[in-house]
Structures are given as structure tokens and as C-alpha cells.
């Protein structure tokens, strides 16, 4: 494996894992806070159990996210030192604020986990909420830093030098809002579906049903709201990308030729060499409409740009298609949910209803990872869009493939252990968390 | 403003060494405690780090962020030449952080815990060892920025007798801190006596490990003594550290545990001060004699100003919250 590919793969893999941990850390505290609020209001022990069960999940994934985040702050320099040398002072602002947010999150989590029956109950509750808010703030800040790589601003690039640096302007670059909005909604969607799916599965298994139904209620609500909002933020993102990075948009749609009334390309096999897409369904005018809100306007194709500035078109296109398809599926589920909520209440007692959510467990995360692939691979060959190429930023140290193998091994092992650990938590719901269960006895454990 | 940023860099490094160091130490002390007392040690050590261990490690992130935002050239050079020890340290951080979490949150207590324990304790040694090696390489002029071969650039930039001795010294400092901090987390007199005895052993080890570092520096012609004694502050710091060690042993005998903690902190702060002040404002020394200075080789002026404000603002939010956490944690049940 060549060093450049190894460095990119290692970075991509680290991020792919870190995203999962950090999204859980952003969203689950809110679920926890809702359950906790219900407990404080109704005094029903089942909500306390649920809060505790979820907070265990938060604690485990937060700690894993914290170490993978620490790692990333080193990996940026280990793998792309030239990039960090120039970009650090420009796009570092959100990272320094993120440090603060993350610190607050860690402290608040400390208070929350160890604070049962020790503090004023509302102070304790607020700590849980602060975990969520600061997690969300961290996420948004990190995305702002990433957005700068897509939309560099806050400096003048003159003769290879980075001058007149304005870190605030760099942080509030053109892409930050649309990216942060879409990412936040996606995080809620992904975590919501994952948690709801898991509890749906446990409902189907038939044990501790009341407990899991309460969990399902809270998590599915967040999932559904987010699934319905995602297309809106996605639309904002698409329009924004079309304006700032037309080449990325063209790659997303495998749109080779500049056309008026450009079609929306669904599926198909990309043939980058011959600059065409085979077996695709083309919906005329829709791409023009999505980009310009006008069915007839022109959309620039890849042919407008030099070929050495093209991202790998097939990867970007397939990733985009994956994201859209899973987004649609989740929207469909959201509609069924709404019908079950308001029109056909009996659906909520049907097994197929929970099976549907069970199947959808990974959908949100699949869409989320695919979406990040679009953003990051779509930026290639640039590490700072239009300014610095990724190949010029990579570390001069040879043998990066070994580091890639080691980190791959570590991440896979870590994931296996995490699944194992979560499974053990779930196995013990009856004993540890569900007060209605005859075996409930948290003191013993 | 550059002074504000530099001060924050120093303070977060220092806090990481004291708080994060004590965390590492908890694992090291557990590893080297006698077999029949191991489980009790584990419990005591956990009780003394518990809910703040997460926050303790944030200081490293703060220091790294300051480095790459404020001093990107240093960050880039360090991550380039010290790639290998950094990766090992990172693997240590991952292994340690996750195994610590796993063993505390695993719902079932069975033989899997033996595995978590092994990973936790061994990575608690490896991580500070390499942290020390990295620090040693940065300040001792062993980074070869003119190297033409892989070995010279990426191996011998950090692998030297001196750097390894600094690594060992760091390991000893960590375990020393943990052994001192843990005394107050128990109520049982028998345990207390045992822990005080252990703290004395680790205090002695500081002398031994420190002596080794000096011996190696003489053997390998590293002017460590000269650096430290170049300025009057170096003398003061070293004398204060020495006085504190004597005071610490005295207060251990007098069973003044709170005071012992303060002395332990003071010793470590003074050691770090002596070492870092000797080069100030330079931070990185290269083999060819070139240096990177905190006051000259920073990123853009505007970035430094913003960074300073962000850090000041952050402290206003963080510090009261953190102190309250530590305070309320200290009020909790002892074992």
C-alpha cells in the first residue's frame, strides 16, 4: 500500500469511527435528559431506571469518543504535518473553543454520573442537559473547522504564503452553517434510529416490554423529527455546495456534461474513463430545480474543470446515492410513524411496526457515513479546497501502511468490545434498570 | 498576548502532569502492588480518581490545541520526527482510557475483568514512559532535522539513553503522585498506614530515578546541570523541590495527609519549572543547534490574540465548575 493512500485511509477510518462515538455523545444525553425529566415530574421509577441505563451507554461511548478524539488531534499532525503547519493558526479557532466545550461536557458528565441523590435534583438534571448542549456545541465547532477546508476563508494566499489571517472569519466561513445544520440533524436522526431500533428489537423479544416501550417512545420521537428535517437541511447544503464547489456537486450526481434542464441521476454505474453513467434513471430537470429552484437553468458538468481537479467520481456518486436512499427510507418510516400516531393507533401494537424500526437500526448511521464520504472524498484532490493538495500535505515519513494496519486492528477490536459491552448492559436490564421486573436488584451489582 | 498563551500552555502541561500523571500512577501502583493486596489497591485507586479522570485528560487536549493553533511549526516538527513514540503513546492512551471505562461500566463482573486489568495497568506504564521520552527528545536536542536516513530521522531522534531515562523518571513521578494522593481516599487506619509506607518507597524512587537521569546526562554529555543552574530561578526551583521532599517525608510521618499532597504537587511543579525555565523562551532544540522559540515561532499575531481570549474565556467557564466537581468529589464516601 502506498504511503499516501495509507495516510488517507487511516485518517478516514479514524474519523469514521470517531463520528459514531461523538454523535452518540451529542444526542443520547438529550434522550437521557427527557427520561430524567419524566422521572422528576412523574416520580415513576421506570424513568429513573431508563435514565440510568442510557447514562451508562453515554458514559461508555463518551469515554471511547474522548480517546478517539484525543487521537485525532494528534493524527492530524502525524499524517498531514504540512497541512497543520499552515492551516493550524487559521482554522484552529473552533478547535480551541471546542476544547472548552468538551471540557465542560466531561465535567458535567462527572457530576451527572456520580451525582444521584447527592445534589439538588434540578441541578443534577441540568448537568445532564449541559452534557448534551456542550456535546452539540463541540460537534458544531468541529464541523466549522471541517467546513473551512471546503470553503477556505479568513486569509490571503499570496505567492504560497498565508497572510492577513483572521481566525474568526475563517471559523464563520461560508460552509459552516449549512454543514453544521445538516450534521446536527443527521446526528439526531442516526442516533435516534439506532436507539429506537435497538429497543424495538428488545420489545419484540418480549422481556421488560414496558421499559423498552418508554425508551422507544423517546428515541423514536427524536429520530422521526430529525428524519423529516433532514431533507430540508440537505437541500440547503446542496444549494450551498453547488455555489461553492460546483465540481463536488457534479461528482455527486456524476454529471459530466454541462446541461440546461439537468436531470437528477438515480443509481447507475459510473464510467469515469468514458465520462458517462450506464443504467441510471434520469429524472429530467430535477437537478436544475434542486440547485437553482428552476427546472430549466444550466448546471455545470465535470467537463468544465481540468480532470486533475476531479474527485474520484464513482465513490462520491455512490456515496451520495446511498445517503439519499437511506434518507428516503427513513422519511418513509417517519410517515408510517405519523400515521400510527394520529390515524391508526392500533399499528403501535403490531409486531411488524417494531420490526420495521428494528431493520432501520443502522440506516441513520449508514446515511451519515455516506454523507461524510461525499463531503470529504468530494473535496479531493484538495485538503484545503483550491489552495493545498492533499498529496502535498502528507507526512514525509515512509511506512505509514504499518501504522494504518495497527490502527485498523485497534479500531476493529475496540468496536467488538463495545458491542460486547453494550450487549452485557442490555442482558442486565432486568436486574439493573427495570424496577418492574421481579429480578430487579441494582444493589447487588 | 503571547505570554498569556505561553502561560496557558505551561499550566495545562503542568496540570496534565499532576492530575493526568496521578491517573497513570494509579495504574502503575496497581501493577506493582503485592498480589494479595491488589484488589484492595484497585478499589482505593479507583476511589481516588473516579469521576474526575475524564477531566484530568482534557489538559492534554488543551495543550495540543494550543500547540497546533498557536505554534504550528513546533506541532508539525514534533509530529513529524517523533511520529513513532507519539503513535505508541496514542495506542497507550486508547488502551488505557477504554479499559478503564470498560472495567468500571461492564455490567457483569467475570474473568473479562482480568483482561481489562492487564491492559489498564500495562498501558498505564507505557503511556507516561513514552510521554517522558517525547518530552526528553524535545528539550534535549536529540531531534535530527538534518537527517538523511530513516533511522536518524525517525528512530534516533527519540531513542537515546537520556530520553529513556527521562521516560522512566516520568513513570516514577506518576506513581509517586498516585501513591500520595490515594492516602486521603481511605478511612481505614490500616490501609492508611500501608499507603503511607508505599508513598515513602515511591518518594525514594524519585531520588533514584532523578539520579539516573543526571548520571546519564553526564555520561552522554548532555549539559542538563548547566541548563538548570544557568539562572538563579533554576537554583531556587531545585532547592524548593528538595526542601519539599524532606517536608513531605516529615508530613508523612506526622500523618498530615492534606499537607503531604500539597508538597507532592509542589515537588512536581518545581521539577517541571526548573526543566522548562532553563530553555525559555525556546521550546524545541534540534540536534544542529537551531531552536524554536515560544516568543518568536508562533502562528499569526491575530490568531494568538484570539486564542488568548478563547483560553481566558474558557477558564471562566471551566474552572469554577471543575473546582466544584473536585470539591464535591472529596466530600464523598471514603472506603
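Just so you know, glycine gets a Cβ as well, placed from its N, Cα and C.
The transmembrane segment annotation in TrEMBL covers A:15-37, A:58-80, A:100-116, A:123-149, A:180-204, A:216-234, A:315-340, A:352-372, A:402-422.
With a cut-off of 8 Å between Cβ atoms, the residues of this chain six or more beyond the transmembrane segment (A:216-234) that come close are 27, 30-31, 34-35, 50, 178, 181-182, 185-186, 188-189, 191-193, 195-196, 199-200, 203, 327, 330-331, 333-334, 337-338, 354, 357, 364. Same-chain residues lying 6+ beyond the ends of the transmembrane segment (A:352-372) with a Cβ under 8 Å from its Cβ atoms: 15-16, 19-20, 23, 182, 186-187, 189-194, 196-198, 200-201, 203-204, 216, 220, 223, 227, 319-320, 322-323, 326-327, 329-330, 333, 336, 340. Long-range contacts of the transmembrane segment (A:123-149) within its own chain (CB-CB distance under 8 A, at least 6 residues past either end) are made by residues 22-23, 25-27, 29-30, 32-33, 36-37, 40, 51, 55, 58, 87, 90-92, 94-95, 97-98, 101-102, 104-105, 108-109, 111-112, 115-116, 170-176, 179-180, 183-184, 187, 375, 379, 382-385.
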